[in-house]
């Protein structure tokens, strides 16, 4: 019941600071017999990694994962899978001049209040470096969901500052470093980011994720609802300020006739609900949308206070992302996969491998 | 670890169907010695109750709470507090003609898929009647938070369909049945709701809640963040489709210079973060905003299917709210209070009654 | 994660004081579709009830159970099952003269220290009355285990003070109020208890329980071992001071050649392990043995202190069991069933309805 | 809620197989500010280590602990503490001829049934190597308990086969490799073990542990009782078959007058209860006694079956302990410390740093 654990039956516990010796996680509850090797983590970790383009942090993380336990002769054994990544590029000196200064909008002030400890190394435990292990755990969940249930999870950048996609082309997403679903806009995004970086400022973003193939019946009333767990999962990601399921806040101004998804024997006519009704999956795609704030680690001076209780001006040098949302797509996907996997196991526990009824609507 | 339980240390477990014999809850972890009597629940339950105005469901619920345990001579004992409300107005016959029919946008389809059981009585476990017990548990949390920490929780209706408040007057909120912060607009809201009710349709709403007086340091990284738990709490309420902390989705189009809340020795200059940084309270007011969808139980016919696998047209008669968001304000407040109380205890467990440091900013 | 909850997936939360208005429980995680009616609880509650013979407490408890939720048209729905028993025979005045006095060996001293609250009514939350709800929940677990897996759980009194059964006759157990497996000794037991009651003293007991038909594979390493959970379950029963699995403490003086249960294709040659190896069931009967202390509520004066910090002499009048172990057999059975049911669901979650391999040994 | 986690608020999650690359643990919930360095683990790990005398396994484990996270500048930060030990002496070939054979009394049969995976490497996850991490986590708990509450935890070997201590001399315990409280008997124990080892057989043992200085009030009714959690903790240790609190099974034949610990203003007259009443500490020393079975990995041939379903004769060569109980004393101490620390935090959460009342009895 650690606060650094996520999931009831497929439980991921993460540890590590961004500038400590290592980060890692322990995954408990994975079904036995799933083929797994260390190189399967590379693709998704690469999608999340810094330093791939000029638009993200230039820190070079060597995200080489070592499997410490839970896998024998290439298959999961059913016992805890521990994953480890050594931190290699830990330029703590970059943070030298902010050791005593709190950064506006940053967790260092609240961590210090909570624990009375000031660990200035790259955000310590609050660093987005922690999300590396979410992505790693998500790789296992994605694989099991795909093999066992044909579930496919994918995400994309749905807004960058004020820019929105002109169209949705699923093929385009993985062809550009922004996970943007419209290839034609990519040059515009690059100019936008170049200008932003030059200005020293940062900007927010919206990431969407979709899970296709989720069977009806996953999710547990009342406080273990699928959407409740998704909201917790997404809000736990660094810099997230909002979560929507289906139409989300657009539903506020909708009428019931407009929002309800009518049902026919060959399918639903729409998916305003985002594939979840009463906290339980309906068989439609599960859709979630997540708001990322602009990072507060920017080059433009801001007013703050220091440990000595003096007013100071602060500039965050370091190597930060001008838009943390860009690298967040694989993280959102991972959290969606982790929640679904957990609920797949929970549903199986209570209702068995074969559910009580056949789906009425394909 | 029941899925019908909420909270790690202040744990609320609810039970009961809207048309069964009773609903109730068990609250475990309440500190001993808190004065408590059954009549203290009346005020908040009254704010949530149906049948108070023509704008909400006309079902008359007699929400008389019986305290079954955990209180001795007017004080909590530290052992589980069980609360019970007998259901009295259970006109199950109202649901007679939809026994075999699934309602679009309603949980009956997904519950049936999950459990293979068709309980048509008023939504069964998925009914918003369950939220009565959240409000009741919230009364205890609100009281303890106020007495022990001076925390005050309040909510209001921030949007009704397309209508938004013209101004914010905290005094107005409790003076009208909509919890609307602008008294001048109340006649307009009444006309809006009358027209909506006449049309047989429903509409969505947005509810905001604020907690003042939360000390810095509450919230646990990484998967027990204060905002993560708030997101889960709010998304678990019936009909909720979105949750925001602080600026929420507005942060997507903001710049870092705009969003970061600068710090001075006499306070923060703004509260875009909603009082939470890195999942831990900053000492500023904690603010949350919640989107409610339009209820799917409406009088306008919709297309659906029935248990026999036939296409049907469905009309929901019953006595439903044309806008479930109107009565939701006390529920959102209650969930905010439950999360804060849980985290107050969790913080005390790890860091002691007196935190490690004095607040730097008032 | 309430401390008044037991079980990870089949979760039982109990509430209520012995002399408050009611006791009850909420059972979450029960698979849907199990036939269940209120009269099914009668048999086991009767076995546990006081006032059936002169050898147990003469308090008359009317253990009429009301099902408040989770059952529809005679079948479980998959949602929380709440059970309620109103307390009827609450002669609180019996406890009048011990209101201010702590009883040696009794929980009133430690409860007062923990909570600062003195609830003298019959032991309040620490009363064995709470075990009524364990037995009730156990009825559901026993039924599901029997129907789904052919598991049969039974218990018996294996020692009463210094008396031990001369032989084991399974048929005899339910034919006498002691659950004693040797009918010939029953008159001796009656004389023993009569003399004990007359002396005003109390005596300890040992209860054994066995589960037949448990398939191999239930139990989760390392801290969710089947025997670990059994130990917690049994030690949580009032007055229990020891728990053994299989040979228990006898294993201390055994040799490895003697203790190890050799395996043949037609079965194990012995069952020193009690059906559990490495925390996981082996397919052999699961056996557990539980030590009950003599109750401290006796008529013989003892030295103690009172709330005012004065030395006092205390006599517990009331209507107490001279041997709490006599009525404990159904409680031990219930806890065994609850643990097994929880692990059946946990095993199904991780490994599916059909385990990965066929049992090698019948 | 991983099954490889222990503790509600001071949560220890272990991972790793005895012959995999590493073992480790993640400790979450440790209060911030506790001084901690890697060399503090050496003493207790040394007490548990193999290869120190001829009476234990001759495997040489280099238990060098690396702190991966949660400590900054020599103090705990409040975030997860991850500890890692690389496995160095992994002679898997020792197990070569039992790859396909199940060992009587060993967990390999049940693990295979549960998971369908056969990992013959030294018991894999079921190896007592896992307890290294319990001892490591226990070091932290012991230190915090001592510094914060003056609690002192110590254990000793209370029975070896049929041998029992002739007297109890606390000073003797750490002066011999058996943790035996009577120095005069040590030569006898050495001859006993030499003979046993020569015979190729193994023997059981009993380990006792005591915690002095535990304040009254720790422990949570009903399913979070201090003794309930202790029972689970002890029974989760490899080879344990029984747990007693206080007088344990001896209470079965006791009278109430004999067992109840009378109270005086200067203390209790006895401690039959083992310092726990109603699941809550009384202020007396907490005492627990644990039964270890004789290991089933012995040199004397036994009858078994293999994966092919054939009858076989099995001999376990390897380097096993003829009495696993000898090295178990630090493990039992560690589990006692982990339970107490968890309950110290849980008590603080509900009842605050300063309990509601002053102890009545010193």
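Note that Cβ sites are derived from N, Cα and C of the backbone, with glycine treated the same way.
Since this is a predicted model, take the numbers as computed values, not measurements.
Residues or ranges marked as NADP(+) binding site by TrEMBL: D:48, D:54. The secondary structure of residue D:54 (NADP(+) binding site), as reduced to three states from DSSP, is coil rather than helix or strand. Within its own chain, residue D:54 (NADP(+) binding site) has D:193, D:194, D:197 as residues 6 or more apart in sequence whose C-beta sits under 8 angstroms from its own.
Look at TrEMBL and you will find D:125, D:126, D:127, D:238, D:239, D:278, D:293, D:294, D:295, D:296, D:297, D:319 tagged as FMN binding site. If you draw a 10 Å sphere around the CB of residue D:127 (FMN binding site), it holds 19 other CB atoms from the protein chains shown. According to DSSP, residue D:127 (FMN binding site) is assigned to coil rather than to any helix or strand.
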Using a 10 Å cut-off on CB atoms, tell me which of the binding-site residues D:48, D:125, D:293 is the least crowded. D:48
How many Å separate the Cα atoms of residue D:239 (FMN binding site) and residue D:48 (NADP(+) binding site)? 15
Of all listed binding-site residues, namely D:125, D:127, D:239, D:293, D:295, D:297, those lying near chain A with CB under 8 A: D:125
Rounded inter-Cα distance in Å - residue D:48 (NADP(+) binding site), residue D:125 (FMN binding site): 18
Once the chains shown are all counted, how many other Cβ atoms turn up within 10 Å of the Cβ of residue D:297 (FMN binding site)? 26
Taking chain C as the partner, extract the binding-site residues from D:48, D:54, D:125 whose Cβ is under 8 Å from a partner Cβ; order them by sequence and answer 'none' if none remain. D:125
Same-chain residues at least 6 apart in sequence with Cβ under 8 Å of the Cβ of residue D:295 (FMN binding site), in sequence order, are D:202, D:239, D:320, D:321, D:322, D:323, D:324
What is the number of other Cβ atoms found within 10 Å of the Cβ of residue D:239 (FMN binding site)? 24
